[in-house]
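Lifted from TrEMBL, the feature list:
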DOMAIN    A:1-115  domain 'Response regulatory'
MOD_RES   A:D50  4-aspartylphosphate
Amino acid sequence: MLVVEDNIFIALDLEAQLVEMGHDVVGIAATATKAIAMSRQSSPDIAIVDLQLADGSRGQDAAFVLRNEMGIPSVFVSGSLHQVTDDEKEAIRPLAMLSKPLLPNELRRTIEAAASSDLAWKDR
Amino acid sequence: MDEVRHIDLGIFFDAAPNAQLVFTPDLRIVAANQRYCAMLRRQPEDLVGFRVFEVFPPNPDDPNADAEAELQASADAVVATGQAQEMPLRQHDVLEADGRYGTRYWRILNSPVFADASEPERVTHVIHTAEDVTRSVLGERADAAKRRAAMRGADLSYFELDPVSQSLVRSPQLDELFGFEQGETAAEVKPFLDRFHPDDRDAAISEIERVARTIGSDLHLDYRIMLPDGTTRWVTGRGESVRDPGTKAISIVGIVLDVTSIRENEANLSKAVEARDLLIAEVNHRVKNSLQMVTSILNLEANATEDSAARASLRAATARVNSIAAIHASLYEDDDVRSVQIDKYLDKLTRHLRASLESEERRVQITLDVEPIRLPTDKAVTLSLAVNELVTNSFKHAFGKDDDGTVTISLRRSGDDKIVLDVSDDGTGPSFDSLDRSSHSTGLGQRLIAGMASQLGGTIEEDKTSGWRTRISFAE
């Protein structure tokens with residue numbers, strides 16, 4: 001798992017939630033460039049991606065490269081999901097789009113649903 | 001044959017359909033027919049023997065009332081030529097019986113009478129035939145005055161375009177609108193078309209051509225013009241094509257209006273709306289992010305602590321923040337940010353509560369029974385926190401870890417202006433001891449519930465006859 005999130009509290013919380021579910025977290029990326037570099041290095045199964053990242057970069061841009069160049073799907077977690085256009089949704093095919101703030105177990109249920117769905121994994 | 005020989009010819013004079021007066025060349029009245037007397041509301045004896053302007057004095061308030069000289073000149077011409085003379089249409093107000101003057105317009109024909117058999121060439125009298133044309137003159141004037149007033153009032157530029165000769169007759173406002181000095185351009189349309197914005201000119205010309213092809217069709221022009229000082233103005237033209245019934249010539253008549261300020265206002269308004277929408281989206285994003293930060297910090301604290309009681313408290317705090325956050329998310333689902341569809345929100349909250357129950361492998365059900373109700377946002381936030389506390393309380397205290405059971409949330413109107421929230425459970429408590437349960441009522445949750453009930457301006461009732469029921473009633 002990779003966490004792409006520029007707010008350190010949120011990033012650490014997401015990491016803790018993922019670890020508690022029994023997943024390995026390969027790292028925390030605060031920008032789109034870092035997210036792509038870390039994915040190339042460690043090939044996570046799924047990326048948890050915020051939309052508005054540090055240095056003005058966009059989570060969609062990272063998720064697009066991860067999906068189309070590395071076959072890594074993303075779960076968007078953002079306070080402004082409406083920023084994802086229909087074209088981007090089609091190109092990125094996110095596993096889920098979760099609105100901040102996350103509710104208890106929302107991330108867990110999403111990841112479990114994704115893991116049990118063959119459809120979500122067929123691109124891998 | 002008596003009808004031919006013995007008739008007084010004066011009868012014909014009285015029966016004539018025209019109003020007639022007979023006077024001598026020096027304007028002394030000799031006779032007036034019935035029609036004339038009726039029209040001017042005079043008796044023949046009021047008139048005969050007097051000079052015309054003795055009985056019809058000029059209106060002192062009419063500065064142009066020099067009718068006497070004109071009438072005398074016309075009579076002189078009749079005498080000199082022996083021919084009838086038509087006088088130019090003119091105003092001569094008539095003194096009424098009450099001493100006021102009535103505005104009257106007259107069309108006058110003065111015809112010669114040769115009554116002296118010894119001098120058959122000499123004009124002895126003048127027959128003065130008078131037609132009162134006041135109504136039609138004033139009617140036309142009123143129409144023209146209305147047109148002028150309408151054009152002045154709206155500062156309209158009126159035009160009449162001949163699509164064949166390309167001539168353009170227009171009011172001075174049109175020249176001013178297009179930045180021409182008065183008299184700078186002749187009566188042709190070309191200089192005006194030259195000032196159309198190049199991007200708009202072809203469309204405007206083809207619209208004019210279209211209207212010229214179909215008589216009576218409406219002209220709709222919206223275009224920019226470029227003024228010599230370099231400014232651009234938005235103008236709108238409205239009119240229609242008409243065919244002159246006499247000449248059969250086609251012309252397009254209409255008005256042109258400067259709508260630049262309207263256009264600018266529209267543009268400013270849509271910019272302001274756009275800026276407002278961006279601002280709302282940004283604030284919305286920041287609020288959600290901040291709430292996520294708060295729950296993240298609470299989660300991290302909960303993970304870091306070894307003490308299970310402290311951990312539970314932090315989890316409870318997270319749940320409270322979440323119920324506020326869910327309200328916030330519901331706020332932006334429609335355009336109204338001042339109130340919330342509370343039934344939909346409670347449905348959402350219930351699903352989240354169910355999900356967290358499942359994750360704790362609890363077997364308690366939650367049922368929801370709510371009417372569609374909109375609440376002001378602050379009340380909705382308070383109410384949702386109250387529901388969160390009450391449901392959490394039931395989970396904690398009504399059921400054992402492996403108990404079956406149901407928590408029911410109900411929200412409905414009561415009477416005209418009351419709303420009643422009921423949260424009830426059918427549990428008896430893990431120790432089957434209601435005393436044990438009531439001991440929790442001094443806890444933070446119970447204090448919050450009491451506080452929130454009073455914040456809603458409502459009353460709180462508890463009923464523990466079967467299970468546990470808490471009712472909060474408040475005014476809408």
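Any Cβ shown, glycine's included, is placed from N, Cα and C.
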**Item:** Counts by DSSP class (helix H/G/I, strand E/B, coil) across the domain 'Response regulatory' (A:1-115)
**Value:** 59 helix, 20 strand, 36 coil
**Request:** Please give the average pLDDT for the domain 'Response regulatory' (A:1-115) in this predicted model.
**Result:** 92
**Asked** When you measure from the Cβ of A:D50 (4-aspartylphosphate), how many other Cβ atoms are you left with inside 10 Å?
**Response** 28
